[in-house]
Amino acid sequence: MLFLLLPLLAVLPGDGNADGLKEPLSFHVTWIASFYNHSWKQNLVSGWLSDLQTHTWDSNSSTIVFLCPWSRGNFSNEEWKELETLFRIRTIRSFEGIRRYAHELQFEYPFEIQVTGGCELHSGKVSGSFLQLAYQGSDFVSFQNNSWLPYPVAGNMAKHFCKVLNQNQHENDITHNLLSDTCPRFILGLLDAGKAHLQRQVKPEAWLSHGPSPGPGHLQLVCHVSGFYPKPVWVMWMRGEQEQQGTQRGDILPSADGTWYLRATLEVAAGEAADLSCRVKHSSLEGQDIVLYWEHHSSVGFIILAVIVPLLLLIGLALWFRKRCFC
């Protein structure tokens, strides 16, 4: 039954290569099904190339939505129409199957099923595939070696679920083929179609700021790095050539334009900040690291403060005198 949740992987073979893309890549389809009661349900489906969403499913029109100009890969409109029909039919059957077995499996409404399936590439070669199902956000079952296996922590419910799924070996064979054969060909074709976008280099911008005070006599220094692509980046607070091990990196977050943002913080005593710097390494910089010195940031801040405060005072005095003239 669960092979029906992978129709976006069921694409035709495509040529392609992953030249220039050295980091591990994956293509996966995520299916989230929310069952509020026996008749009310919600369906969310998306396709992802690593961290980049490339496809989604419009439940109202029952169509695949291509989020990038190259998301279609090398396939014709007719081929994608066939996939939409396949997806529509199999999604309905998947809902019916889960709802049919909900009572037998002791699924209590409301509940949520999450499925993620796909394949991985490393240095242009297939390195593995995966298909996992979660129930209520917890690991439940996974597909391995052509059959469904329960997670040990999932208990008897998961064992019974696997027993149901493994009754039809033909469907398991289809699932295995989708993961081990069709998906790798699809991701290679997708990489070829999106090569210009995926291999672009966008230089980061960086700036420094104060963070919330960590306590009396201490400062939080913040180094912001934004607008870079691809995602891998190295950011570190330095004292001379010595890396500061207290550097805390946040998550690398996506921006609306498809680039990335990161901030790195460091807490120090106020008197120890002067000779610190933030260093940024990124492939787009071609070895010319960005280095920002905290003492320069502080000097600029004092200059701005020295200019703005008197200016505000002059404006205030001018408004006060003007008000007195009208009285």
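Including glycine, each Cβ sits where the backbone N, Cα and C put it.
Keep in mind it's a predicted model, so treat the numbers as computed, not measured.
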Member of CYS183, CYS278 annotated by Swiss-Prot as disulfide partner of CYS223: CYS278
Cysteine paired with CYS119, where Swiss-Prot records a disulfide bond, from CYS68, CYS183, CYS325: CYS183
DSSP-derived structure type at ASN145 (N-linked glycosylation site), helix or strand or else coil: coil
Pairwise Cα distance maximum in Å, D-galactosylceramide-binding residues per record: ARG90, THR91, ILE92, ARG93, SER94, GLU171, THR175: 18
Distance [Cα-Cα, Å, rounded] between ASN145 (N-linked glycosylation site) and THR175 (D-galactosylceramide binding site): 11
Nearest recorded site to THR91 (D-galactosylceramide binding site) by CA-CA distance, among recorded positions ASN60, ASN74, CYS278: ASN60
Collapsed DSSP category at ILE92 (D-galactosylceramide binding site): helix
Separation of alpha carbons, GLU171 (D-galactosylceramide binding site) and CYS183 (disulfide bond) (Å): 16
